[in-house]
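Chemist: Taken from TrEMBL, the feature UDP-N-acetyl-alpha-D-glucosamine binding site applies to Thr10, Gly11, Gly12, Asn124, Arg165, Ser200, Ile253, Gln298. According to TrEMBL, the feature domain 'Glycosyltransferase family 28 N-terminal' maps to 4-141. The annotation domain 'Glycosyl transferase family 28 C-terminal' is assigned in TrEMBL to 193-357.
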Amino acid sequence: MKAAIAGGGTGGHVFPAVAIVEELRRRDSNLQLMYLGRAGSIEERVAGEMMIPFRPIIVEGLPSGNVFKKFRALASALVGLLQSVAILWRFRPQVVIGTGGYASLPPILAASILRIPSVIHEQNCVPGKANRLCSRFADVVTVHFEKSGAYFPVKEPRVVGNPIRSDFLPQRLELVDRDESRRKLGLSPDKFTVFLLGGSRGAHSLNMAMVDALPHLDPRRFQIVWMTGKDDYRWVRASCERAGIMAAVFPFISEMVVAYCAADLAISRAGASTLAELSAVGVPAILVPYPHATDRHQELNARVLVDAGAAQLMMNGELHGETLAQRLKLLSDDQQALSLMRSRSKQFSRPDAAERVVNILFELVF
């Protein structure tokens, strides 16, 4: 199969693409791939790591308000569309896959112009503007949450779950031991372990609240795995040292499965890929939705798990150090609640999501 992939801007758009590529490679030894996205982006970095040829295109998100900025964004989209047509014409893929973000829009439009079959995948409860537009041109729409279907009136979506990287598949997770994961991170096997993550770029407000919580946590009971993002790394690490709490602090974690498996509890934003990974491992979570997410999509993502008893919700405005520390103490003392959250979380796991998407790709091509 020859396939082109488009989408990016954040890990939430890129990681499902990674999972789909891993499944395609498992199924097709003659696979040829091309990734289209923005230069200098996370998708370019990930494509390089996965040895996928990358072609940059010019594209900007559509801003609200300013007429000049809107005109510039539309002009960029037109350039990106022409670039995408040229790239796809030369590469001649049999299918184009879009995983969201504005970088996916020109290639999906180009595929429609060139009569190349295309599939888009939506990770969130509320689809982004790019995927709503793309759905009018794509042959198939796949979604993570059943609730997303109401936003795609033109085509009835197929509910597949959210593709997760192969490290999170059940057969791989069986090989990962909690104590061994903690040892790899330089942590104690016995302390209550909190994993704080704010997405692929970190979350400053989460980091600040957790730093403020440190004086209220007993270092003899608690330890932390902390993915800070690059901007907050140094001062968070210094704060942990001053507080005397055991912590494995990283700007970014590539072996995420180790961090999840080490954790008794996660404190996290509510991006769709993060929720899929939490569910795959069965990690109880305090979810703090990003307050500026378009259409409150992170809050709505979070409420799906919260309503099922798989997680607890804290809004960003409630995020204070003492309040967060109190929540951590209560949960660490209630193993029954944690056990219930863990089992409810695993019920949301769809480890075959990438396989389902690839089945659809094969249907379209063959």
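Every residue gets a Cβ built from N, Cα and C, even glycine.
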Chemist: Restricting to the same chain and to sequence separations of six or more, state which residues have a Cβ under 8 Å from that of Arg165 (UDP-N-acetyl-alpha-D-glucosamine binding site).
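Modeler: Looking at Cβ-Cβ distances below 8 Å from Arg165 (UDP-N-acetyl-alpha-D-glucosamine binding site), excluding near sequence neighbours, one finds Phe15, Val18, Ala19, Glu22.
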Chemist: Can you count the other CB atoms that lie within 10 A of the CB of Gln298 (UDP-N-acetyl-alpha-D-glucosamine binding site)?
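Modeler: Total other Cβ atoms inside 10 Å, all chains included: 28.
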Chemist: What is the one among the binding-site residues Thr10, Asn124 whose Cβ has the most other Cβ atoms less than or equal to 10 Å away?
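Modeler: In terms of Cβ crowding, the pick is Asn124.
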Chemist: Would you say which of the binding-site residues Gly11, Gly12 has the most Cβ atoms within 10 Å of its own Cβ?
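Modeler: Top count of Cβ atoms within 10 Å goes to Gly12.
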